[in-house]
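These notes are about the structure you will find just below.
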(Lines of atoms letter the chains of each structure in order from A and count residues from 1; the text may use other names and numbers.)
(Lines give C-alpha, C1' and ligand atoms only; values in the text may rest on other atoms or scores of the structure.)
Protein backbone atom coordinates (compact mmCIF):
# COMPACT_ATOMS: atom_id res chain seq x y z
CA UNK A 1 0.00 0.00 0.00
CA UNK A 2 1.28 3.44 -0.89
CA UNK A 3 0.20 6.60 0.88
CA UNK A 4 0.54 10.09 -0.61
CA UNK A 5 -0.02 13.11 1.56
CA UNK A 6 -0.06 16.63 0.09
CA UNK A 7 0.35 19.68 2.26
CA UNK A 8 -0.43 23.15 0.97
CA UNK A 9 1.72 26.11 1.94
CA UNK A 10 0.06 29.28 0.59
CA UNK A 11 0.34 28.85 -3.18
CA UNK A 12 2.43 25.67 -3.19
CA UNK A 13 1.49 22.07 -2.52
CA UNK A 14 3.97 19.42 -1.25
CA UNK A 15 3.13 15.79 -2.01
CA UNK A 16 4.75 13.21 0.25
CA UNK A 17 4.98 9.57 -0.81
CA UNK A 18 5.22 6.80 1.79
CA UNK A 19 5.81 3.15 1.07
CA UNK A 20 7.30 0.33 3.10
CA UNK A 21 10.73 1.06 1.64
CA UNK A 22 10.95 4.74 0.81
CA UNK A 23 9.51 8.17 1.50
CA UNK A 24 9.41 11.09 -0.90
CA UNK A 25 7.76 14.46 -1.58
CA UNK A 26 6.66 16.36 -4.66
CA UNK A 27 6.38 20.13 -4.93
CA UNK A 28 3.31 21.27 -6.83
CA UNK A 29 2.32 24.81 -7.73
CA UNK A 30 -1.33 25.34 -6.76
CA UNK A 31 -3.43 28.45 -6.33
CA UNK A 32 -6.73 27.03 -5.11
CA UNK A 33 -7.41 26.22 -1.47
CA UNK A 34 -10.11 23.63 -1.29
CA UNK A 35 -10.33 20.15 0.18
CA UNK A 36 -9.23 17.12 -1.80
CA UNK A 37 -9.58 13.54 -0.69
CA UNK A 38 -8.73 11.22 -3.57
CA UNK A 39 -8.24 7.48 -3.57
CA UNK A 40 -6.96 5.50 -6.53
CA UNK A 41 -6.81 1.71 -6.62
CA UNK A 42 -4.86 0.44 -9.62
CA UNK A 43 -4.69 -3.35 -9.45
CA UNK A 44 -3.53 -4.30 -5.92
CA UNK A 45 -2.07 -0.92 -4.96
CA UNK A 46 -3.92 1.84 -3.17
CA UNK A 47 -3.10 5.55 -3.14
CA UNK A 48 -4.48 7.95 -0.53
CA UNK A 49 -4.25 11.71 -1.03
CA UNK A 50 -4.82 13.95 2.00
CA UNK A 51 -4.54 17.71 1.75
CA UNK A 52 -3.44 19.97 4.58
CA UNK A 53 -3.22 23.71 4.32
CA UNK A 54 -0.76 25.79 6.30
CA UNK A 55 -1.05 29.59 6.06
CA UNK A 56 2.39 31.15 6.33
CA UNK A 57 3.97 34.48 5.66
CA UNK A 58 4.97 35.06 2.04
CA UNK A 59 8.65 35.40 2.92
CA UNK A 60 8.67 32.06 4.72
CA UNK A 61 7.06 30.40 1.73
CA UNK A 62 9.64 31.95 -0.54
CA UNK A 63 12.42 30.62 1.65
CA UNK A 64 11.05 27.11 1.59
CA UNK A 65 10.71 27.26 -2.19
CA UNK A 66 14.34 28.28 -2.47
CA UNK A 67 15.30 25.29 -0.31
CA UNK A 68 13.42 22.98 -2.57
CA UNK A 69 15.10 24.51 -5.62
CA UNK A 70 18.52 24.10 -4.02
CA UNK A 71 17.86 20.47 -3.32
CA UNK A 72 16.96 19.89 -6.89
CA UNK A 73 20.16 21.42 -8.15
CA UNK A 74 22.20 19.35 -5.72
CA UNK A 75 20.84 16.09 -6.97
CA UNK A 76 18.46 15.54 -4.08
CA UNK A 77 15.57 15.11 -6.48
CA UNK A 78 15.04 12.00 -8.56
CA UNK A 79 12.64 12.57 -11.46
CA UNK A 80 11.18 15.52 -9.59
CA UNK A 81 10.62 13.52 -6.38
CA UNK A 82 12.44 14.53 -3.21
CA UNK A 83 12.84 12.38 -0.11
CA UNK A 84 10.73 12.89 3.02
CA UNK A 85 13.63 14.87 4.43
CA UNK A 86 12.06 17.91 2.73
CA UNK A 87 9.02 17.55 4.93
CA UNK A 88 11.12 17.79 8.07
CA UNK A 89 13.10 20.79 6.74
CA UNK A 90 10.04 22.74 5.76
CA UNK A 91 8.22 21.94 8.97
CA UNK A 92 4.94 21.21 7.23
CA UNK A 93 3.90 18.28 9.41
CA UNK A 94 0.77 18.16 11.55
CA UNK A 95 2.92 19.05 14.56
CA UNK A 96 3.20 22.66 13.41
CA UNK A 97 -0.52 23.14 14.14
CA UNK A 98 -1.33 24.06 10.57
CA UNK A 99 -4.96 24.37 9.65
CA UNK A 100 -6.57 21.76 7.40
CA UNK A 101 -8.16 23.44 4.43
CA UNK A 102 -7.83 21.46 1.22
CA UNK A 103 -10.03 21.12 -1.85
CA UNK A 104 -12.58 18.62 -3.16
CA UNK A 105 -12.69 17.04 -6.55
CA UNK A 106 -15.72 18.22 -8.48
CA UNK A 107 -17.60 14.91 -8.49
CA UNK A 108 -20.30 14.31 -9.44
CA UNK A 109 -19.96 16.80 -12.34
CA UNK A 110 -23.12 18.70 -11.36
CA UNK A 111 -21.90 19.22 -7.78
CA UNK A 112 -21.06 22.92 -8.16
CA UNK A 113 -24.08 23.78 -10.32
CA UNK A 114 -26.39 26.16 -8.41
CA UNK A 115 -29.24 24.31 -6.79
CA UNK A 116 -31.93 26.23 -8.64
CA UNK A 117 -30.54 24.96 -11.95
CA UNK A 118 -30.55 21.38 -10.72
CA UNK A 119 -34.17 21.76 -9.71
CA UNK A 120 -35.14 23.25 -13.06
CA UNK A 121 -33.23 20.60 -15.00
CA UNK A 122 -34.78 17.62 -13.22
CA UNK A 123 -38.24 19.18 -13.38
CA UNK A 124 -37.92 19.73 -17.13
CA UNK A 125 -36.91 16.08 -17.56
CA UNK A 126 -40.02 15.04 -15.63
CA UNK A 127 -42.11 17.08 -18.05
CA UNK A 128 -40.46 15.32 -20.99
CA UNK A 129 -41.63 11.99 -19.59
CA UNK A 130 -44.99 13.57 -18.75
CA UNK A 131 -45.86 14.32 -22.36
CA UNK A 132 -44.40 11.06 -23.60
CA UNK A 133 -47.02 9.34 -21.45
CA UNK A 134 -49.66 11.77 -22.69
CA UNK A 135 -49.10 11.42 -26.44
CA UNK A 136 -48.48 7.67 -26.47
CA UNK A 137 -52.23 7.02 -26.50
CA UNK A 138 -52.83 9.43 -29.38
CA UNK A 139 -50.65 7.14 -31.53
CA UNK A 140 -51.61 3.81 -29.96
CA UNK A 141 -55.33 4.65 -30.22
CA UNK A 142 -55.22 3.82 -33.97
CA UNK A 143 -54.20 0.13 -33.62
CA UNK A 144 -56.17 -0.18 -30.38
CA UNK A 145 -59.33 1.03 -32.17
CA UNK A 146 -58.80 -1.56 -34.90
CA UNK A 147 -58.18 -4.34 -32.37
CA UNK A 148 -61.14 -3.57 -30.10
CA UNK A 149 -63.53 -2.20 -32.75
CA UNK A 150 -63.86 1.33 -31.38
CA UNK A 151 -65.43 4.13 -33.44
CA UNK A 152 -64.36 7.79 -33.19
CA UNK A 153 -66.77 8.53 -30.33
CA UNK A 154 -65.41 5.68 -28.17
CA UNK A 155 -61.83 6.59 -29.04
CA UNK A 156 -62.58 10.18 -28.01
CA UNK A 157 -63.92 9.03 -24.63
CA UNK A 158 -60.84 6.87 -24.02
CA UNK A 159 -58.50 9.76 -24.82
CA UNK A 160 -60.51 12.26 -22.78
CA UNK A 161 -60.48 10.04 -19.67
CA UNK A 162 -56.93 11.25 -18.99
CA UNK A 163 -58.30 14.75 -18.47
CA UNK A 164 -60.87 13.62 -15.90
CA UNK A 165 -58.07 12.91 -13.46
CA UNK A 166 -56.05 15.84 -14.74
CA UNK A 167 -58.84 18.26 -13.87
CA UNK A 168 -59.52 16.70 -10.45
CA UNK A 169 -55.91 16.98 -9.30
CA UNK A 170 -55.20 20.60 -10.19
CA UNK A 171 -56.41 22.35 -7.03
CA UNK A 172 -55.21 19.62 -4.65
CA UNK A 173 -51.85 19.72 -6.44
CA UNK A 174 -51.55 23.47 -5.96
CA UNK A 175 -52.49 23.28 -2.29
CA UNK A 176 -50.19 20.33 -1.56
CA UNK A 177 -47.31 22.07 -3.35
CA UNK A 178 -47.72 25.13 -1.17
CA UNK A 179 -47.96 23.01 1.98
CA UNK A 180 -45.25 20.38 1.40
CA UNK A 181 -43.17 21.96 -1.37
CA UNK A 182 -43.25 21.30 -5.08
CA UNK A 183 -40.35 18.82 -5.06
CA UNK A 184 -42.08 16.17 -2.99
CA UNK A 185 -45.39 16.58 -4.85
CA UNK A 186 -43.64 16.25 -8.22
CA UNK A 187 -41.80 13.14 -7.06
CA UNK A 188 -44.99 11.36 -5.98
CA UNK A 189 -46.84 12.49 -9.11
CA UNK A 190 -44.23 11.04 -11.48
CA UNK A 191 -44.27 7.69 -9.68
CA UNK A 192 -48.08 7.54 -9.73
CA UNK A 193 -48.54 8.30 -13.42
CA UNK A 194 -45.68 5.98 -14.44
CA UNK A 195 -47.18 2.99 -12.63
CA UNK A 196 -50.62 3.78 -14.07
CA UNK A 197 -49.15 4.01 -17.59
CA UNK A 198 -47.61 0.56 -17.27
CA UNK A 199 -51.05 -0.83 -16.31
CA UNK A 200 -52.79 0.30 -19.53
CA UNK A 201 -52.02 -2.85 -21.58
CA UNK A 202 -53.18 -5.07 -18.73
CA UNK A 203 -56.55 -3.31 -18.50
CA UNK A 204 -57.10 -2.40 -22.17
CA UNK A 205 -59.65 -5.15 -22.80
CA UNK A 206 -61.77 -4.03 -19.84
CA UNK A 207 -63.16 -0.56 -20.58
CA UNK A 208 -63.81 0.58 -16.96
CA UNK A 209 -60.30 -0.52 -15.98
CA UNK A 210 -58.76 1.20 -19.00
CA UNK A 211 -60.57 4.44 -18.21
CA UNK A 212 -59.51 4.20 -14.55
CA UNK A 213 -55.85 3.72 -15.50
CA UNK A 214 -55.93 6.81 -17.69
CA UNK A 215 -57.66 8.78 -14.94
CA UNK A 216 -54.79 7.83 -12.61
CA UNK A 217 -52.27 8.96 -15.22
CA UNK A 218 -54.14 12.27 -15.37
CA UNK A 219 -54.08 12.65 -11.58
CA UNK A 220 -50.33 12.05 -11.44
CA UNK A 221 -49.60 14.47 -14.26
CA UNK A 222 -52.13 16.98 -13.00
CA UNK A 223 -50.13 17.87 -9.89
CA UNK A 224 -46.96 18.47 -11.90
CA UNK A 225 -47.66 21.99 -13.30
CA UNK A 226 -48.47 23.33 -9.83
CA UNK A 227 -45.43 21.62 -8.33
CA UNK A 228 -43.19 23.12 -11.02
CA UNK A 229 -44.76 26.54 -10.58
CA UNK A 230 -44.08 26.37 -6.84
CA UNK A 231 -40.41 25.54 -7.51
CA UNK A 232 -40.00 28.39 -9.97
CA UNK A 233 -41.81 30.96 -7.83
CA UNK A 234 -39.65 30.14 -4.80
CA UNK A 235 -36.25 29.81 -6.44
CA UNK A 236 -36.08 31.87 -9.64
CA UNK A 237 -35.76 35.69 -9.79
CA UNK A 238 -38.03 37.76 -12.04
CA UNK A 239 -35.38 38.46 -14.68
CA UNK A 240 -34.81 34.70 -15.17
CA UNK A 241 -38.40 33.57 -14.80
CA UNK A 242 -39.44 33.49 -18.45
CA UNK A 243 -36.48 31.31 -19.33
CA UNK A 244 -37.07 29.02 -16.35
CA UNK A 245 -40.76 28.58 -17.17
CA UNK A 246 -39.96 28.03 -20.84
CA UNK A 247 -37.24 25.50 -20.06
CA UNK A 248 -39.43 23.50 -17.69
CA UNK A 249 -42.66 23.57 -19.66
CA UNK A 250 -40.68 23.31 -22.89
CA UNK A 251 -39.99 19.78 -21.74
CA UNK A 252 -43.56 19.04 -22.76
CA UNK A 253 -42.71 19.77 -26.40
CA UNK A 254 -39.59 17.65 -26.19
CA UNK A 255 -41.67 14.87 -24.67
CA UNK A 256 -44.21 15.12 -27.49
CA UNK A 257 -41.46 14.91 -30.10
CA UNK A 258 -39.78 11.97 -28.37
CA UNK A 259 -43.03 10.11 -27.84
CA UNK A 260 -44.21 10.59 -31.41
CA UNK A 261 -40.82 9.50 -32.75
CA UNK A 262 -40.46 6.38 -30.63
CA UNK A 263 -44.06 5.17 -30.39
CA UNK A 264 -44.65 4.20 -34.07
CA UNK A 265 -41.46 2.15 -34.26
CA UNK A 266 -42.25 0.36 -31.00
CA UNK A 267 -45.82 -0.32 -32.10
CA UNK A 268 -44.84 -1.72 -35.49
CA UNK A 269 -42.06 -3.93 -34.09
CA UNK A 270 -43.20 -4.88 -30.60
CA UNK A 271 -46.92 -4.10 -30.55
CA UNK A 272 -48.81 -1.16 -29.07
CA UNK A 273 -48.45 -2.58 -25.54
CA UNK A 274 -44.69 -1.95 -25.55
CA UNK A 275 -45.19 1.82 -25.65
CA UNK A 276 -46.92 1.87 -22.28
CA UNK A 277 -44.48 -0.56 -20.64
CA UNK A 278 -41.37 1.31 -21.78
CA UNK A 279 -42.65 4.83 -21.08
CA UNK A 280 -43.87 3.78 -17.63
CA UNK A 281 -40.44 2.32 -16.87
CA UNK A 282 -38.77 5.61 -17.82
CA UNK A 283 -40.82 7.42 -15.19
CA UNK A 284 -39.82 4.90 -12.53
CA UNK A 285 -36.16 5.39 -13.46
CA UNK A 286 -36.61 9.15 -13.14
CA UNK A 287 -38.10 8.64 -9.68
CA UNK A 288 -35.07 6.60 -8.56
CA UNK A 289 -32.63 9.11 -10.04
CA UNK A 290 -34.51 11.92 -8.34
CA UNK A 291 -33.82 10.27 -4.98
CA UNK A 292 -30.12 9.93 -5.82
CA UNK A 293 -29.77 13.55 -6.90
CA UNK A 294 -31.83 14.69 -3.93
CA UNK A 295 -29.28 13.28 -1.50
CA UNK A 296 -26.56 15.35 -3.13
CA UNK A 297 -28.72 18.46 -2.99
CA UNK A 298 -29.40 17.90 0.68
CA UNK A 299 -25.67 17.83 1.49
CA UNK A 300 -25.19 21.12 -0.36
CA UNK A 301 -28.20 22.84 1.13
CA UNK A 302 -26.10 25.44 2.94
CA UNK A 303 -24.82 26.69 -0.41
CA UNK A 304 -28.27 27.38 -1.87
CA UNK A 305 -28.51 30.84 -3.42
CA UNK A 306 -31.34 32.95 -2.04
CA UNK A 307 -32.56 34.42 -5.30
CA UNK A 308 -36.28 34.85 -4.70
CA UNK A 309 -37.66 37.35 -2.18
CA UNK A 310 -40.15 34.83 -0.85
CA UNK A 311 -37.87 31.78 -0.99
CA UNK A 312 -39.07 29.24 1.54
CA UNK A 313 -37.06 27.34 4.10
CA UNK A 314 -38.24 24.23 2.28
CA UNK A 315 -35.36 24.74 -0.19
CA UNK A 316 -32.95 23.82 2.61
CA UNK A 317 -34.65 20.53 3.40
CA UNK A 318 -33.71 17.16 2.08
CA UNK A 319 -35.93 16.01 -0.74
CA UNK A 320 -36.22 12.63 0.91
CA UNK A 321 -36.73 13.91 4.44
CA UNK A 322 -39.24 16.73 3.93
CA UNK A 323 -42.27 14.65 4.84
CA UNK A 324 -40.36 13.02 7.69
CA UNK A 325 -39.36 16.40 9.12
CA UNK A 326 -42.93 17.59 8.78
CA UNK A 327 -44.16 14.52 10.66
CA UNK A 328 -41.70 15.20 13.47
CA UNK A 329 -43.32 18.58 14.09
CA UNK A 330 -46.71 16.96 14.67
CA UNK A 331 -47.58 15.34 17.97
CA UNK A 332 -50.52 13.36 16.67
CA UNK A 333 -52.61 12.64 13.57
CA UNK A 334 -55.36 14.90 14.89
CA UNK A 335 -52.91 17.80 15.05
CA UNK A 336 -51.88 17.08 11.47
CA UNK A 337 -55.48 17.20 10.31
CA UNK A 338 -56.04 20.44 12.21
CA UNK A 339 -53.04 22.05 10.59
CA UNK A 340 -54.12 20.91 7.13
CA UNK A 341 -57.55 22.44 7.68
CA UNK A 342 -55.94 25.66 8.90
CA UNK A 343 -53.75 25.82 5.80
CA UNK A 344 -56.85 25.60 3.61
CA UNK A 345 -58.51 28.41 5.55
CA UNK A 346 -55.43 30.59 5.11
CA UNK A 347 -55.83 30.59 1.32
CA UNK A 348 -57.75 33.74 0.25
CA UNK A 349 -60.11 31.92 -2.11
CA UNK A 350 -62.66 34.73 -2.34
CA UNK A 351 -60.01 37.34 -3.02
CA UNK A 352 -58.77 35.35 -6.01
CA UNK A 353 -62.13 35.49 -7.74
CA UNK A 354 -62.64 39.19 -7.10
CA UNK A 355 -59.72 40.08 -9.39
CA UNK A 356 -60.35 40.57 -13.14
CA UNK A 357 -56.75 39.51 -13.82
CA UNK A 358 -57.46 36.08 -12.34
CA UNK A 359 -60.56 35.65 -14.49
CA UNK A 360 -58.52 36.65 -17.54
CA UNK A 361 -55.99 33.93 -16.70
CA UNK A 362 -58.78 31.38 -16.22
CA UNK A 363 -60.44 32.06 -19.57
CA UNK A 364 -57.13 32.33 -21.43
CA UNK A 365 -56.07 28.99 -20.00
CA UNK A 366 -59.35 27.42 -21.12
CA UNK A 367 -59.01 28.81 -24.66
CA UNK A 368 -55.39 27.81 -25.10
CA UNK A 369 -56.04 24.32 -23.75
CA UNK A 370 -58.93 23.74 -26.16
CA UNK A 371 -56.72 24.16 -29.20
CA UNK A 372 -53.74 22.39 -27.65
CA UNK A 373 -55.49 19.28 -26.31
CA UNK A 374 -57.76 18.68 -29.28
CA UNK A 375 -54.84 18.94 -31.70
CA UNK A 376 -52.59 16.84 -29.47
CA UNK A 377 -55.18 14.05 -29.41
CA UNK A 378 -56.54 14.19 -32.95
CA UNK A 379 -53.79 15.43 -35.28
CA UNK A 380 -52.26 11.95 -35.83
CA UNK A 381 -55.71 10.68 -36.84
CA UNK A 382 -56.28 13.77 -39.01
CA UNK A 383 -53.02 13.24 -40.84
CA UNK A 384 -53.76 9.53 -41.23
CA UNK A 385 -57.35 9.81 -42.49
CA UNK A 386 -57.51 13.22 -44.16
CA UNK A 387 -54.03 13.25 -45.70
CA UNK A 388 -53.88 9.48 -46.30
CA UNK A 389 -50.65 8.87 -44.35
CA UNK A 390 -49.80 5.55 -42.73
CA UNK A 391 -49.26 5.18 -38.97
CA UNK A 392 -45.55 5.98 -39.00
CA UNK A 393 -45.90 8.87 -41.46
CA UNK A 394 -48.82 10.34 -39.48
CA UNK A 395 -46.87 10.15 -36.23
CA UNK A 396 -43.73 11.62 -37.75
CA UNK A 397 -45.65 14.51 -39.31
CA UNK A 398 -47.28 15.11 -35.92
CA UNK A 399 -43.79 15.70 -34.55
CA UNK A 400 -43.38 18.92 -36.49
CA UNK A 401 -45.55 21.21 -34.28
CA UNK A 402 -43.90 20.25 -30.95
CA UNK A 403 -40.46 20.12 -32.59
CA UNK A 404 -40.87 23.66 -33.88
CA UNK A 405 -42.19 24.65 -30.45
CA UNK A 406 -38.85 23.74 -28.88
CA UNK A 407 -37.13 26.46 -30.93
CA UNK A 408 -39.96 28.98 -30.58
CA UNK A 409 -39.97 28.55 -26.81
CA UNK A 410 -36.33 29.59 -26.43
CA UNK A 411 -36.83 32.58 -28.72
CA UNK A 412 -39.97 33.68 -26.88
CA UNK A 413 -38.31 33.38 -23.47
CA UNK A 414 -35.30 35.44 -24.49
CA UNK A 415 -37.58 37.97 -26.17
CA UNK A 416 -39.71 38.40 -23.05
CA UNK A 417 -36.82 38.56 -20.57
CA UNK A 418 -34.95 41.10 -22.69
CA UNK A 419 -38.00 43.35 -22.88
CA UNK A 420 -38.43 43.22 -19.10
CA UNK A 421 -34.71 43.82 -18.53
CA UNK A 422 -34.90 46.88 -20.80
CA UNK A 423 -37.68 48.41 -18.73
CA UNK A 424 -40.81 47.39 -20.63
CA UNK A 425 -43.73 46.89 -18.24
CA UNK A 426 -44.21 43.23 -17.34
CA UNK A 427 -47.94 43.34 -18.08
CA UNK A 428 -47.26 44.65 -21.59
CA UNK A 429 -44.75 41.88 -22.25
CA UNK A 430 -47.17 39.18 -21.08
CA UNK A 431 -49.97 40.59 -23.24
CA UNK A 432 -47.79 40.70 -26.34
CA UNK A 433 -46.60 37.11 -25.88
CA UNK A 434 -50.06 35.73 -25.18
CA UNK A 435 -51.60 37.56 -28.14
CA UNK A 436 -48.99 35.97 -30.42
CA UNK A 437 -49.72 32.54 -28.95
CA UNK A 438 -53.46 32.89 -29.73
CA UNK A 439 -53.59 34.73 -33.04
CA UNK A 440 -50.91 32.65 -34.77
CA UNK A 441 -52.63 29.23 -34.54
CA UNK A 442 -56.03 30.80 -35.21
CA UNK A 443 -54.77 32.28 -38.47
CA UNK A 444 -53.12 29.03 -39.56
CA UNK A 445 -56.21 26.98 -38.73
CA UNK A 446 -58.37 29.33 -40.78
CA UNK A 447 -56.05 28.84 -43.77
CA UNK A 448 -56.03 25.06 -43.30
CA UNK A 449 -59.81 24.73 -42.94
CA UNK A 450 -60.69 26.80 -46.00
CA UNK A 451 -60.82 25.12 -49.39
CA UNK A 452 -57.83 26.92 -50.86
CA UNK A 453 -56.46 23.95 -52.76
CA UNK A 454 -53.48 23.56 -50.44
CA UNK A 455 -51.27 20.51 -50.82
CA UNK A 456 -50.93 18.13 -47.85
CA UNK A 457 -47.39 19.30 -47.09
CA UNK A 458 -48.60 22.92 -47.14
CA UNK A 459 -51.35 22.12 -44.62
CA UNK A 460 -48.82 20.33 -42.41
CA UNK A 461 -46.41 23.27 -42.58
CA UNK A 462 -49.13 25.82 -41.88
CA UNK A 463 -50.47 23.96 -38.84
CA UNK A 464 -46.96 23.31 -37.55
CA UNK A 465 -46.06 27.01 -37.65
CA UNK A 466 -49.27 28.09 -35.96
CA UNK A 467 -49.08 25.54 -33.14
CA UNK A 468 -45.38 26.23 -32.62
CA UNK A 469 -46.03 29.94 -32.17
CA UNK A 470 -48.64 29.10 -29.53
CA UNK A 471 -45.62 28.33 -27.29
CA UNK A 472 -45.36 32.09 -26.68
CA UNK A 473 -47.93 31.36 -23.96
CA UNK A 474 -45.07 30.08 -21.77
CA UNK A 475 -43.78 33.65 -21.64
CA UNK A 476 -47.30 35.05 -21.35
CA UNK A 477 -50.00 33.28 -19.37
CA UNK A 478 -47.73 30.75 -17.64
CA UNK A 479 -45.50 33.45 -16.16
CA UNK A 480 -48.39 35.57 -14.89
CA UNK A 481 -49.15 33.29 -11.93
CA UNK A 482 -45.67 33.90 -10.50
CA UNK A 483 -45.74 37.58 -11.44
CA UNK A 484 -48.85 38.50 -9.48
CA UNK A 485 -48.20 36.30 -6.42
CA UNK A 486 -45.15 34.07 -5.87
CA UNK A 487 -46.70 32.92 -2.59
CA UNK A 488 -49.93 31.62 -4.17
CA UNK A 489 -48.56 30.87 -7.65
CA UNK A 490 -49.06 27.11 -7.37
CA UNK A 491 -52.65 27.51 -6.17
CA UNK A 492 -53.46 30.05 -8.88
CA UNK A 493 -52.11 27.68 -11.51
CA UNK A 494 -54.18 24.93 -9.92
CA UNK A 495 -57.30 27.06 -10.35
CA UNK A 496 -56.62 28.04 -13.97
CA UNK A 497 -55.39 24.59 -14.91
CA UNK A 498 -58.53 22.98 -13.49
CA UNK A 499 -60.60 25.04 -15.90
CA UNK A 500 -57.95 24.48 -18.56
CA UNK A 501 -58.42 20.71 -18.23
CA UNK A 502 -62.11 20.95 -19.15
CA UNK A 503 -61.34 21.16 -22.90
CA UNK A 504 -59.46 17.92 -22.52
CA UNK A 505 -62.60 16.30 -21.15
CA UNK A 506 -65.22 18.04 -23.29
CA UNK A 507 -63.25 19.15 -26.34
CA UNK A 508 -61.48 15.86 -27.12
CA UNK A 509 -64.68 13.82 -26.77
CA UNK A 510 -66.77 16.46 -28.59
CA UNK A 511 -64.35 16.43 -31.52
CA UNK A 512 -64.91 12.70 -31.95
CA UNK A 513 -68.69 13.12 -31.71
CA UNK A 514 -68.72 15.97 -34.25
CA UNK A 515 -66.48 14.00 -36.56
CA UNK A 516 -68.93 11.08 -36.58
CA UNK A 517 -71.82 13.50 -37.13
CA UNK A 518 -70.42 15.91 -39.73
CA UNK A 519 -67.49 13.96 -41.23
CA UNK A 520 -65.77 17.34 -41.44
CA UNK A 521 -62.42 18.03 -39.81
CA UNK A 522 -62.92 21.76 -40.32
CA UNK A 523 -66.15 21.79 -38.29
CA UNK A 524 -65.09 19.28 -35.64
CA UNK A 525 -61.44 20.16 -34.99
CA UNK A 526 -60.63 23.64 -36.31
CA UNK A 527 -63.76 25.81 -35.97
CA UNK A 528 -64.13 25.52 -32.14
CA UNK A 529 -60.42 26.18 -31.62
CA UNK A 530 -60.50 29.29 -33.82
CA UNK A 531 -63.43 30.67 -31.83
CA UNK A 532 -61.71 30.24 -28.48
CA UNK A 533 -58.38 31.59 -29.71
CA UNK A 534 -60.00 34.83 -30.93
CA UNK A 535 -62.22 35.41 -27.88
CA UNK A 536 -59.32 34.53 -25.58
CA UNK A 537 -57.19 37.21 -27.20
CA UNK A 538 -59.86 39.86 -26.59
CA UNK A 539 -60.32 38.96 -22.93
CA UNK A 540 -56.58 38.76 -22.28
CA UNK A 541 -55.77 42.14 -23.80
CA UNK A 542 -58.63 43.77 -21.90
CA UNK A 543 -58.17 42.36 -18.38
CA UNK A 544 -54.79 40.65 -17.94
CA UNK A 545 -52.30 42.10 -15.47
CA UNK A 546 -48.93 41.07 -14.04
CA UNK A 547 -48.84 43.59 -11.20
CA UNK A 548 -48.13 41.94 -7.80
CA UNK A 549 -51.32 41.43 -5.78
CA UNK A 550 -51.67 40.94 -2.05
CA UNK A 551 -54.95 38.97 -2.21
CA UNK A 552 -55.93 40.18 1.23
CA UNK A 553 -59.47 39.17 2.20
CA UNK A 554 -60.01 42.69 3.50
CA UNK A 555 -59.36 44.25 0.09
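The backbone N, Cα and C atoms fix where each Cβ goes, and this holds for glycine too.
Automatic prediction, not curation, is the source of TrEMBL annotations.
Keep in mind that what you see is a predicted model, and the values were worked out from it rather than measured.
The domain 'Major facilitator superfamily (MFS) profile' feature in TrEMBL is assigned to 119-547.
Marked as transmembrane segment by TrEMBL: 188-212 (among others).
Non-local neighbours of the transmembrane segment (244-263) in the same chain are 120, 123-136, 139-140, 225, 228, 232, 236, 275, 278-279, 376, 380, 395-396, 398-399, 401-403, 405-406, 409-410, 412-413, 471, 474-475, 478-479, 482; each lies 6+ residues outside the stretch with a CB under 8 Å from one of its CB atoms. Positions annotated as transmembrane segment by TrEMBL: 244-263 (among others).
Residues or ranges marked as transmembrane segment by TrEMBL: 275-293 (among others).
Residues or ranges marked as transmembrane segment in TrEMBL: 358-379 (among others).
Counting only same-chain residues 6+ beyond the ends of the transmembrane segment (399-420), those with a CB under 8 A from a CB of the stretch are 131, 238-243, 245-247, 249-250, 252-254, 256-257, 260-261, 375, 379, 426, 428-430, 432-433, 436, 460-461, 463-465, 467-472, 474-476, 479. The annotation transmembrane segment is assigned in TrEMBL to 399-420 (among others).
Residues of the same chain lying 6 or more positions beyond the ends of the transmembrane segment (456-479) and with a Cβ under 8 Å from any Cβ of it are 241-242, 245-246, 249-250, 253, 361, 364-365, 368, 371-372, 375, 379, 383, 387-388, 397, 400-402, 404-405, 407-409, 412-413, 415-416, 429-438, 440-445, 447-448, 493, 496, 540, 546. Annotation comment: TrEMBL describes 456-479 (among others) as transmembrane segment.
Per TrEMBL, transmembrane segment is recorded for 491-515 (among others).
Residues 356-357, 359-360, 363-364, 366-368, 370-371, 374-375, 378, 382, 386, 431, 434-435, 438-439, 441-442, 445-446, 448-450, 476-477, 503, 507, 510-512, 514-515 of the same chain sit 6 or more residues outside the transmembrane segment (521-543) yet have a Cβ under 8 Å from a Cβ within it. Positions annotated as transmembrane segment by TrEMBL: 521-543 (among others).
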Subject >> Model confidence over the domain 'Major facilitator superfamily (MFS) profile' (119-547) (mean pLDDT, whole number) >> reply: 82
